[in-house]
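Trainee: To start, I am sharing the structure in question, which I have written as structure tokens.
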């Protein structure tokens, strides 16, 4: 069986609400037409806090009526997290019928993408039993939270490469208060999103066998309101 086609889109800096809209359009398009290609969106966000469907406000260290940056509640799983420039965010839109219809398997595969990425930098990423994400010498460097509808995925992962970590001080990231957040740049100074992103793309294709569609152009069905 041929590998599924996967459109690769690299956006740069994108407001959270816009990227969320792209995801929802893509998921709807795939649910209407299962032949529509899978996708991977890679981007950065301006400073923003996001909550999952069941996120508890006790993990916020600020009044949600007066957040220090934008605050959104989304349909993903997980607790509060923070996005900002210097953090590479990946939103895979995958039909798990092409791979394995198992959410726990999918979460572990996303972790594997990031662990392989770190290996390419001679960094030893690791999992922690009972938790989701990737750690480096005890510091959480990657967060993962997903939404799956009709076996089509959205939301995804956030890899801290060279962000300003101060924004994390206003929350209990992912509801985990006893483990610090870190960035790759702390362990390998000089890293940038531009350096790491190609490694993430390589690692993604190693974990999820796909045939890339890398036109660099936004498809009309994704950008148009009619999508």
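Placed from the backbone N, Cα and C atoms, the Cβ positions cover glycine too.
According to Swiss-Prot, the record shows the following:
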- 34-212: domain 'BPL/LPL catalytic' (DOMAIN)
- 76, 77, 78, 79, 80, 81, 82, 83, 143, 144, 145, 156, 157, 158: substrate binding site (BINDING)
- 140: site 'Lowers pKa of active site Cys' (SITE)
- 174: active site, acyl-thioester intermediate (ACT_SITE)
Trainee: May I ask you to report the DSSP-based helix, strand or coil state of residue 82 (substrate binding site)?
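Mentor: The three-state answer is strand.
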Trainee: Under DSSP, is residue 76 (substrate binding site) part of a helix or a strand, or is it coil?
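Mentor: Note: residue 76 (substrate binding site) is coil by DSSP, not helix or strand.
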Trainee: Which ones in the same chain are close to residue 82 (substrate binding site), with CB under 8 Å and 6+ residues apart in sequence?
Mentor: 47, 48, 49, 50, 69, 167, 168, 170, 171, 173
Trainee: Name the residues of the same chain, 6+ apart in sequence, whose Cβ is under 8 Å from the Cβ of residue 78 (substrate binding site)?
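Mentor: Listed in sequence order, they are 52, 55, 132, 143, 144, 145, 174.
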Trainee: What is the total of other Cβ atoms whose distance to the Cβ of residue 143 (substrate binding site) is within 10 Å?
Mentor: 25
Trainee: Rounded to an integer, what is the Cα-Cα distance in Å between residue 80 (substrate binding site) and residue 140 (site 'Lowers pKa of active site Cys')?
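Mentor: Counting only the Cα atoms, the answer is 14 Å.
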Trainee: Validating a neighbour-count step here. Other CB atoms within 10 A of the CB of residue 157 (substrate binding site): how many?
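Mentor: There are 24 of them.
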Trainee: Sorted by position, what residues of the same chain at least six away from residue 76 (substrate binding site) have a C-beta under 8 A from it?
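Mentor: Once residues fewer than 6 apart are set aside, residue 76 (substrate binding site) is near 50, 52, 53, 145, 146, 147, 154, 155.
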Trainee: Write down the Cα-Cα distance for residue 157 (substrate binding site) and residue 140 (site 'Lowers pKa of active site Cys'), rounded and given in Å.
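Mentor: With the alpha carbons as reference points, the distance is 12 Å.
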Trainee: For the substrate binding residues given in the record (76, 77, 78, 79, 80, 81, 82, 83, 143, 144, 145, 156, 157, 158), what is the largest pairwise C-alpha separation in angstrom?
Mentor: 16
